[in-house]
């Protein structure tokens, strides 16, 4: 009953196999109903028996064979003689009367599917042929088509590289079905990890793609079951720990965001349920005691469980990945962090201060960015030092000189004019000028990224950068024998010690809020009057 319009009479449709089956729930393995399945040459019809009418059935479902996958379910008492039908996005599990009948179902289903696919392929090939086509003499060979198909299906050399004949790979889809049916989530994800590790960077041949397609269907099923475990509709007893299994496996499947969202929804529902169950006491104080206990205890337990479940996964995921993993420049990273800080400041105006959370989540990434950029500056400075000729700069045009004056003014060097000469000359080395601009730019960007937790990182980076420059000047001053060049080196050293280093100290103190003794000691230890003219080794 109910399938007359679904099964129109056609000359090509016929019954292949049929029999009684028992359907089980895919999640809980509880018996659902008895059914009778009719396998046609192009579809499978499932029907339920009509009560009090022997041999009569009512339509339940119809599945085209080209969208149907058949999976053997390993015997694992009390689960015996079962097989699964996968019809995206759903699946159904049936039990045969005995092992012999189950084997017949599996064989006849696979054979019928193959025959269906083969006939469809032939039909498409016939339609694709240009008409009319003269029949060549050799087409009378009745085995030709089979030979061509065998040649087409001959695996390429690349496909033969991946060995999928291993027993555990052959049984993987069935093992995944068993794990999902038995709610062995950890076992299922372990199998998936093992497969991903084995395939690794192996070529995506056709057999591999087919295996991946089978496995991906199980991954979707597993994800759906885990999502259901975390849904507020499930039992909320057991506290936050009851969600740990599902959360941890979702994270391993790469579904951290979904796991986080569902975990918080689950706990919100639990708190709301607990509050609704509170009795409204006549004594206000007693009721408030109970209310606060429910809410704040639940909040504390949820926070602790969140830290446990998402250890190593917490953080500003999108922010960090976009800003720091994409290798943006330090100035871009600094502006991005500055924007985040400004928004945190707006929230603090209404009593919600998230600044300390932003600090904690970004401190590792910012530390890495500062140290990376410090290394770049040091390498660039060493390269310029290796090519140092100790010559005055000739900027050629007044416009270029004016631009350099403005750059130095923006760096905080207010007395730069005393180092300019006639026409477009500058009485400083290109190396020292470039070092000054690069160091001050680094300091400005670093101060935008500054958190108290990064104080020593920034300070030590600055000291390392400055040491490269002052050691070079100190060493050059000791080694140079030409009196004229030596005087020029002293002028550059004076610019570094008396102008640049005080500017760095002042700007650091303004940005951080306190002076840096390390910078003061560095400047004081680098005074020219303390240089031993007989030594050729730097004392810095």
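Glycine residues also receive a Cβ, built from the backbone N, Cα and C atoms like all the rest.
As annotated by TrEMBL, compositional bias 'Basic and acidic residues' applies to 117-128. Residues 66 of the same chain lie 6+ residues outside the compositional bias 'Basic and acidic residues' (117-128) yet bring a C-beta within less than 8 angstroms of a C-beta in it.
According to TrEMBL, the feature compositional bias 'Acidic residues' maps to 143-160.
Helix, strand and coil content of the domain 'PH' (14-114), in residues and according to DSSP, is 19 helix, 54 strand, 28 coil. Per TrEMBL, domain 'PH' is recorded for 14-114.
The region 'Disordered' annotation in TrEMBL covers 117-160.
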Exercise for the section: Can you check how the pLDDT averages out over the domain 'PH' (14-114)? Expected result: 87
